[in-house]
Structure formats: structure tokens, C-alpha cells
């Protein structure tokens with residue numbers, strides 16, 4: 001294939017070196033600021049009157065065809081209306097269960113219930129009636145996130161967060177009316193709810209998302225974690241732990257499990273074990289069975305929290321002492337809220353569960369919308385769940401976990417097209433064609449830069465940052481390079497998934513994995529960002545990426561799942577048969593080889609009501 005001249009044909013992808021582009025950007029920003037100040041005072045809004053940043057006359061005129069195209073083919077989604085946090089995922093009596101936050105009446109947040117769906121294989125889902133809804137004073141504003149615990153063959157309990165009329169938060173109990181029912185259709189709330197209120201010193205709307213983290217078999221006691229914060233300290237995120245034997249009476253442990261200053265409210269807190277060596281290395285460990293591991297030195301514990309201040313899921317690897325109620329990070333510089341993320345994009349409120357069927361841990365996270373509420377109402381639904389991912393310890397780096405689409409996703413692959421040995425010259429693009437529609441696909445790609453080219457580069461972009469360095473349009477010595485998906489023919493619409501390599505004066509290399517949404521749509525009433533972070537690339541490894549494109553969702557995984565980035569894309573032209581895939585190399589100093597690119601068409605899954 002012949003590479004095409006990116007500078008002459010596609011100036012939006014990058015026609016200038018980085019410094020000149022930044023200087024031009026600064027001039028544009030200054031002009032925009034001056035114009036904004038003139039309009040601000042001319043319109044008399046300096047008094048503090050709130051102004052809607054998206055004016056009605058700026059809303060994009062979406063057509064029914066465009067909106068219908070956005071609905072995904074193989075992601076978990078509601079049949080209609082709104083969803084957010086996953087809750088209580090589990091495997092029970094032959095069925096995978098997923099509960100989720102759901103407004104069954106409208107395509108926006110409010111009137112939150114627990115939606116409920118079941119599956120035999122984690123990819124085809126049947127939606128059941130709502131499990132529980134807001135029908136008591138303690139949950140009248142919503143039945144919010146929580147968890148499910150299978151206590152015994154005769155008892156399955158649900159712990160959920162309730163919101164009062166004034167949005168005070170409490171922890172509440174419901175139980176499966178018939179534990180012998182594999183579908184768990186009916187739930188009964190406890191007569192004496194709430195079972196927990198925020199303890200002294202905790203604000204009444206900063207207390208939520210109960211989740212079991214350990215079972216002390218010798219004392220028949222469950223340890224339940226609840227997320228919170230303490231603003232009397234330093235805007236500190238904290239994890240509180242309660243002990244219970246019967247889920248009706250709870251005792252708060254006197255010390256917090258862990259806390260981190262200046263990160264704000266912790267939501268959806270989890271602690272779970274990962275094997276670091278030994279026979280369980282490639283399998284998961286159940287929280288309730290971790291004490292059966294003979295050599296505890298082969299196990300680490302992940303602490304994860306969803307940061308309410310910024311809506312990202314952070315995690316860290318460390319040591320868990322359940323008796324002393326203490327979790328300690330291996331590395332304080334990458335503690336929870338300041339270090340590692342599961343995903344740098346639109347992925348939040350994640351929950352994991354142990355799958356006894358395949359001895360694995362699976363993580364769910366919800367993917368919200370970034371368009372206007374008006375558009376969501378018009379299309380009749382909003383938000384979805386990310387692809388279920390397996391979670392394993394990364395034995396090669398020893399510093400992170402790997403999250404990767406579950407193996408069942410490969411069963412959706414259909415026709416495949418292979419490309420190999422494509423040289424992508426500096427400042428060029430290469431269209432990948434002849435594989436059918438490009439909006440419901442699975443891509444695996446590997447790139448290399450010659451060792452000689454890397455060694456010849458003295459220093460390159462040591463201060464690079466995905467979110468603030470200009471995205472795929474800004475050219476550097478060793479990047480960006482990667483793929484453009486959901487692209488139209490002239491590349492005025494595309495989402496770029498790419499690597500960017502920085503080199504220090506000492507010869508050290510840092511690889512950034514980024515996803516640029518800024519040209520994903522010509523619509524102007526959606527949020528478009530550049531997301532991403534650094535990712536370990538070890539000696540001898542290629543730059544490897546997997547991208548799952550499912551209409552308006554793009555989930556990308558770098559280096560076998562060491563990091564990932566999820567984006568919502570709402571193209572106006574690059575839809576249906578107009579969607580394209582390109583390779584690109586916007587580096588100024590090196591050519592890049594696409595050693596291997598494999599693209600599969602993906603089948604759709606069943607996602608509809610259960611037929612009784």
C-alpha cells in the first residue's frame with residue numbers, strides 16, 4: 001500500500017510541528033478570551049447570572065438515522081431509557097446476573113431503581129423486571145449502588161444505598177424472596193431499614209456503595225466497605241469498614257481501611273486479591289476464599305475507588321491485613337487517586353466479581369454519554385456498560401493489573417482481514433480497506449520503530465502529556481502513530497488511538513497511550529477530549545493495541561491490557577458504510593512499521609426482555 005501525504009491532504013491530522021502549533025493555539029485562545037469578555041459585559045451577565053454554555057441554536061440537527069446508528073451491537077445496554085453504575089454482578093445457579101442503576105421511565109438520571117438482567121455467557125443478555133425501586137422514605141430519591149452476597153443456599157442478601165427526600169444517604173438491606181429461584185426475581189426490603197447511617201464526622205450525603213471485602217470464617221463475620229470522605233482533614237477520601245454476622249447489626253471498625261488526602265469522595269470502593277506467583281497466577285481468587293491460599297506471600301490485594309471529584313476509577317496494588325483493618329500500598333507515589341487507572345476515558349463506577357465457572361475475576365464499568373440530554377431523549381436511551389473484562393496481575397511488570405475483554409468476545413468475530421509489514425512514512429496515512437463495514441469491528445495491531453531510529457534520537461518531548469499536548473494533530477519526533485477509526489474519507493471526522501514515545505537525555509523511553517476524540521464528530525454540542533496516560537513497554541515488546549469499535553463506543557487496550565481508554569464518538573458523516581479505518585504516523589523523526597493488523601467484523605448480541 002502507498003502512504004499518503006498527510007500534510008497536503010489532511011491538515012486537521014497535523015501539518016505543523018508541535019511548538020508552532022502551540023503558539024498558534026495560544027493566539028487563538030487569547031482571541032477567544034477577549035471576545036468572550038466583550039460578550040460577557042455587553043450582555044450584562046457580569047452580575048453572576050448563570051448562562052447555559054450550549055445555546056439552543058448551536059445544537060446539532062441530528063437525524064433519526066444518525067441517532068439510530070449510535071445504538072451499540074455487542075455492548076450491554078438497556079432496552080430503553082437510562083442506566084449507570086453496575087451493581088451486584090455475580091454467577092448464581094447457572095446464570096450470570098448484572099444489576100444496574102436504571103431510570104426505567106426516562107433517558108436521564110433520576111428515579112433510580114435496580115435494573116436486572118441475566119445471561120448464560122456474559123454477552124447475550126435478557127432483561128428482567130426491576131429488582132427494587134424507590135418506594136420508602138429512606139430511598140425515595142433513589143435506590144443506589146450496592147452489592148449482592150450469597151450467604152448460603154437459603155439466603156441471598158442485597159445491600160444498597162438509599163437516598164431520602166433531602167438526599168441523605170443510608171445503607172439498606174433486601175433479601176431474595178426465593179433463593180431457590182435461579183433468576184432471583186423477587187426481593188423483599190428489610191422492615192427495619194436503614195441498617196446503617198453515616199457515623200459521626202461524616203456528612204450525610206457522603207456515605208455509599210457497600211461492598212463485601214472479606215469473610216472471617218473463624219468468626220462467621222463479613223467485612224463490608226463503604227466509601228466516604230473527610231473534609232475536616234484535607235478533602236480526604238476514606239474507606240470505612242463494618243463487621244456483621246447477620247447483615248442487620250453492624251459494628252464500625254475504629255480505624256479506616258485506607259485514606260488519601262486531597263482526592264475527595266471515594267465511591268464504589270473495592271478490595272480484591274490477585275495472585276502474583278504460584279499455581280493461581282492465571283486464575284482469580286474469591287474474596288471469601290483467600291484464607292485458603294496456603295502461601296499468602298503469593299497474593300497481593302488491589303484497592304480501587306471511583307473518584308467522585310473527577311469521575312475516574314483509580315486503583316493501587318498493596319497488602320491487606322484484614323485483622324488489623326489496614327491496606328498498605330506497595331508504592332505510595334501511585335496510591336489510590338493519584339496513580340493508576342483502569343481506564344483513562346469514559347469508564348466509571350466499576351465493580352468486579354469472582355466467576356466460579358471459569359475461575360476468573362471480571363470487571364464491569366459503565367460508559368456514560370457525552371452528548372446533550374436532548375439528543376438522549378430523542379434516541380430514547382442513555383449510557384451502557386463496558387465490555388466485561390478479565391482482571392489479572394501483570395507478572396511482567398509487577399506494578400499493575402491487566403484488564404482485557406473476556407474470551408467470549410472472540411466468539412463474536414466473523415470475517416477477518418489481515419495486513420502486515422506496512423511502512424507508514426513520516427507524516428502519512430494508509431487506508432485499510434476491503435474488509436466491509438468499519439463500525440462494528442475488533443482490531444488487533446502491532447507497531448515497531450527501528451532500534452537504530454530510536455538510538456539516533458537524542459531527546460524527544462520529555463514533557464509530553466496526552467490530555468494537554470494537543471492530541472494526534474501535534475507532531476513530535478517519535479509520535480504520534482496508530483489508528484484512526486470511525487473516520488470519513490477526508491479525515492475531517494475520526495477518533496485517533498495512538499502511541500507517543502518520549503526519550504530522555506539519559507536515553508530512557510516513556511510510552512504514552514492516548515485517544516483523541518477532538519475530531520470524532522462535527523457536532524458541537526458534545527464533549528470531546530484527548531485522554532490517556534503512560535504505559536509500560538518492555539525491551540523487545542512491540543507497540544500493541546486492541547480496539548473494539550461498536551458504533552458510538554470505542555474501547556482500546558494497550559500492551560495486553562496494561563492500560564485502556566474508552567471513548568464515546570458521535571460522528572455525523574463517518575457512519576454506516578462511510579466509516580473507514582486508517583493507519584497514521586504523525587512523527588517527524590521516524591517511520592513506523594505496522595507489523596500486523598487484524599480486523600474482524602463483529603456479530604451483534606441479544607439484548608432484550610426475558611420471555612417468561
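Here the Cβ of each residue, glycine as well, is placed from N, Cα and C on the backbone.
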With respect to Swiss-Prot, which of the residues 43, 465 bears the note N-linked glycosylation site? 465
The annotated transmembrane segment range in Swiss-Prot, which must be one of 4-24, 25-45: 25-45
Swiss-Prot substrate site partner of 82, 83, 84, 85, 101, 144, 145, 208, 209, 267, selected from 69, 109, 197: 109
Compute the C-alpha separation of residue 84 (substrate binding site) from residue 111 (N-linked glycosylation site), stating it in Å without decimals. 12
Other C-beta atoms that fall within 10 angstroms of the C-beta of residue 216 (N-linked glycosylation site): 15
In angstrom units, rounded to an integer, how far apart are the Cα atoms of residue 230 (N-linked glycosylation site) and residue 267 (substrate binding site)? 13
Rounded to a whole angstrom, what is the largest C-alpha distance between any two of the residues 82, 83, 84, 85, 101, 109, 144, 145, 208, 209, 267 that the record assigns to substrate? 21
Whole-number Å value for how far residue 85 (active site) lies from residue 144 (substrate binding site) (Cα to Cα): 9
Ordered by sequence, the long-range same-chain Cβ contacts of residue 82 (substrate binding site) under 8 Å (at least 6 apart) are 102, 103, 106, 107, 108, 109, 110, 376, 381, 382, 383
